[in-house]
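Chemist: Quick paste of what Swiss-Prot says about this protein:
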type	residues	note
ACT_SITE	H187	active site, charge relay system
ACT_SITE	D234	active site, charge relay system
ACT_SITE	S339	active site, charge relay system
DISULFID	C30-C77	disulfide bond
DISULFID	C40-C67	disulfide bond
DISULFID	C46-C78	disulfide bond
DISULFID	C125-C254	disulfide bond
DISULFID	C172-C188	disulfide bond
DISULFID	C300-C324	disulfide bond
DISULFID	C335-C366	disulfide bond
DOMAIN	29-78	domain 'Clip'
DOMAIN	144-389	domain 'Peptidase S1'
CARBOHYD	N86	N-linked glycosylation site
CARBOHYD	N277	N-linked glycosylation site
CARBOHYD	N301	N-linked glycosylation site
SIGNAL	1-22	signal peptide
Amino acid sequence: MPLKWSLLLGTFVLISCSSVEAAVTVGRACKVTDTMPGICRTSSDCEPLIDGYIKSGVLTLNDVPSCGLGAWGEIFCCPTKPCCDNSTITSVSTSSTTSTKAPMTSGRVDVPTFGSGDRPAVAACKKIRERKQQRSGNQLVIHIVGGYPVDPGVYPHMAAIGYITFGTDFRCGGSLIASRFVLTAAHCVNTDANTPAFVRLGAVNIENPDHSYQDIVIRSVKIHPQYVGNKYNDIAILELERDVVETDNIRPACLHTDATDPPSNSKFFVAGWGVLNVTTRARSKILLRAGLELVPLDQCNISYAEQPGSIRLLKQGVIDSLLCAIDQKLIADACKGDSGGPLIHELNVEDGMYTIMGVISSGFGCATVTPGLYTRVSSYLDFIEGIVWPDNRV
């Protein structure tokens, strides 16, 4: 059956397995490893048990299997008993609103020089990491994020963009990249009927956030000057009315500034509040994430060339300012509702270091054989820095 471009044109949301099937898995027997029996538990029940295994080096976060997606979040295969007496535990260390087109900037400049100093995005990232280190010290914070749900503080840059029509509606996501600026997709904010009102930060449950969340009014919207409604230059910046108050759950993220793609074994994730099932369109109230793999642009071009109608929106093909990513199992993807959210390059899961490599833009269907399209952040550093850090002030 042919795929419809209406799915591509909508905003994106995270897709995962059916929650109906997975909701009955709590308490079911499972295997953590071939030699370690387990039982399916919620993340809140599993985390205290798994903590000792991770600190002892017996398991890593990525070793914890998923039993499926329950009604309220991911269900994990958890060891049946706590790990390790004190004699077996080894130490673990850690390493340190108005909508307008922005002024025209020059073309892609990935690695310009700024005298003897760093470009603003790099300097800002160093400050973000310094503040994170000061806040967390050398304490290792364990979060169960190997599956779909995301615990508070794991992705403190995540922003939900609120629209007020006949009530509050969160249609797109974004990433906090500085104390007063959120990065998102241009198609989320490019019409009068699609004007965002505020951003919600620090919330995992988007409809029932805890006391630590912050809602901040959007002062202005800056759309890339070369965005004309197709799949190119799909990037925008929201300026907030005030600076955020940084907490453990609210903090800017680093931008990916390297023009080259990371090694093939790198870990990539998309995150957002989204639909659990493409048929019912029922949305998750909690922040979800899913692991993806980058697809080389030549392969991505072949995939899109096979889709009818793609030439209309991708007249130049899949070019260097885009990224392509896919879940090879065709289970997880971004789809309607998560546009503007991040494609995250995870550097170190233990100390929570990552960069925003892409902005969720579009795709051909959801969790299909055609990869999703993402705006490559490193192609737009001049645009971002000119708004967020004018005159190279960080």
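Each Cβ is built from the backbone N, Cα and C atoms, and glycine gets one as well.
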Chemist: Is S339 (active site, charge relay system) helix, strand or coil when read with DSSP?
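Modeler: In three-state terms, S339 (active site, charge relay system) counts as coil.
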Chemist: May I ask you to report the DSSP-based helix, strand or coil state of D234 (active site, charge relay system)?
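Modeler: Reduced to three states, the DSSP call for D234 (active site, charge relay system) is coil.
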Chemist: Could you check which of the active-site residues H187, D234, S339 is the closest Cα neighbour of C77 (disulfide bond)?
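Modeler: If we rank H187, D234, S339 by Cα distance to C77 (disulfide bond), first place goes to S339.
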Chemist: Looking at the domain 'Peptidase S1' (144-389) alone, can you tell me the average pLDDT?
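Modeler: Over the domain 'Peptidase S1' (144-389), the predicted model scores a mean pLDDT of 83.
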Chemist: Once the DSSP letters are reduced so that anything not helix or strand counts as coil, what is C188 (disulfide bond)?
Modeler: helix
Chemist: Considering only the active-site residues H187, D234, S339, which residue has the minimal Cα-Cα separation from C78 (disulfide bond)?
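Modeler: Closest recorded candidate to C78 (disulfide bond) by Cα: S339.
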Chemist: Filter the disulfide-bonded residues C67, C125, C324 down to the ones within 10 angstroms of H187 (active site, charge relay system), Cα to Cα, kept in sequence order.
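Modeler: Near H187 (active site, charge relay system) by Cα: none of them.
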